[in-house]
Structures are given as structure tokens and as C-alpha cells.
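**Q** Pasting a structure here, questions to come.
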Amino acid sequence: MSILHATILTVFPEMFPGTLGHSLAGQALNKNIWSYDVINIRDFGLTKHKNIDDEAYGGGNGLIMRPDVLGSSIDHALALNPNAEMYYPSPRGRVFTQSFAKEMLKNKNLIFLCGRYEGIDERVIEEYNVKEISVGDYILSGGEIPTLTILDCLIRLLPGVLMNQNTLSSESFEEDGEFKGGLECSLYTRPEIWRGRAVPSVLLSGNHRLINEWKKEQSHMITKLRRPELLKDL
């Protein structure tokens, strides 16, 4: 049995596993560290045309995904994954962060409802206590790409996915990590000099105390310049 299982409701089932079938996530999938199933919302569509959307009450642009169609598909998903927490990628949602990812993993059974068109009927959110989740202040064509993004983040937090689990402690946004929730420092590898640009000498010194101080100073400077709001808790 896998550590994490995701049920994905979408009108484009062929989009999964997508990028999650490659690299670390793909290897973890093959090892059954995580698993998924996809439900095609259109299978629950109405009439011979499998309609899943309709015009909005009160007017407005765009079509809305129908609650009766979504309800049938969600009921099917809950029958397969009865204790799952349900998420709906939406620009109205709580912004997804590294700490939010860890919070989500308290429940290892997740359902992702991928919206399309103008969105979904509000009554679906109320009926199933769906949690809205945002990957940023911009608009995408549907919930599939945010779902892939969120799952990629969750998967790499699972035990056995990263070759060295300590890697997590030296990454950006890790509140208990090396940079205390700030941005990661600048990174360098061979060659020592490239196109006239040299690796900072402190990194070649072998003095671990000075190297650690440099990394923390770099992290603080970069965070202050690019994401100053992260410093309020540092």
C-alpha cells in the first residue's frame, strides 16, 4: 500500500501522471511510494453529448460546471477513497506553501477536483466541504497544472523519494531548515572559473564555520531583496 494516494477528477484524464511519471516522482510511483487514480468527469455528463457545464445564473461570461454532474463524480471518488480530504485548485483559495504542503500530508488520502471553464457551482464546495487552494495570483485554463504542481511538492516530502532526506533542510521556505524559512543561498559547482566569473573564495576555503556564515548571509540578503515578507518570521 502506498504512503500517499491521490484521486484526480478531471475532464482531461490523459494529462496524468504527466510530469509526475518522470524523475523523482516517477521513480516513487514505480516504487509505490505514492499512487493515483483518475476519474473522468465527463463519464458522468448529461445527455448523449455528456454535457458537464451550463450558463451562469445571474448572467456573466463563461460556463459553470454543473453540481449534479460534479456531485456524481465526487460520490464515485469518495466511494473509492472514503476518508480523503478534497481540494479544488482556485485563485480564490488559500495560497499553497511549503508549510501548507506538510499540513496537507497529515491526510495521506487526497482528492483533487480540477475545474474548467469559469469554475464550479458554489454548492459543490459547500456540500463536500471542499478546500480551495491557489498556486498563485494568476489565472490558468484549468486545475490540472496546479494539481500536478501541488502533487510534485507533496511527493518529494515523502520518505524514500529523495536519495538524501537531509536535502530538504537546506531548501528555500523550510521553516526548520538551514535558512529558517527564507530563500536558499546562491549555488556553485565546477569549473572554479567560468567566463571570468569565479566561485566565491570562502566556498573553497574548507572552513565550515565561515562557509555556513556566508550561506546564511547570502540567504538573508537574497530574501530581503526578493521576498522581504518572508523575513517577518525570521
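Including glycine, each Cβ sits where the backbone N, Cα and C put it.
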**Q** Name the residue, out of GLY115, GLY181, that Swiss-Prot lists for the same S-adenosyl-L-methionine site as VAL135, GLY136, ASP137, TYR138, ILE139, LEU140, please.
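**A** When Swiss-Prot describes the S-adenosyl-L-methionine site, the candidate it includes is GLY115.
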**Q** Write out the long-range same-chain contacts of LEU140 (S-adenosyl-L-methionine binding site), meaning residues 6 or more apart in sequence whose Cβ is under 8 Å from its Cβ.
**A** PRO146
**Q** Ranked by the number of other Cβ atoms within 10 Å of their own Cβ, which of the binding-site residues GLY115, GLY136 ranks first?
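**A** Its Cβ has the most other Cβ atoms within 10 Å: GLY115.
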**Q** Fewest neighbouring Cβ atoms within 10 Å: which of the binding-site residues VAL135, ILE139?
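**A** So among VAL135, ILE139, the binding-site residues given, the one with the fewest Cβ atoms within 10 Å is ILE139.
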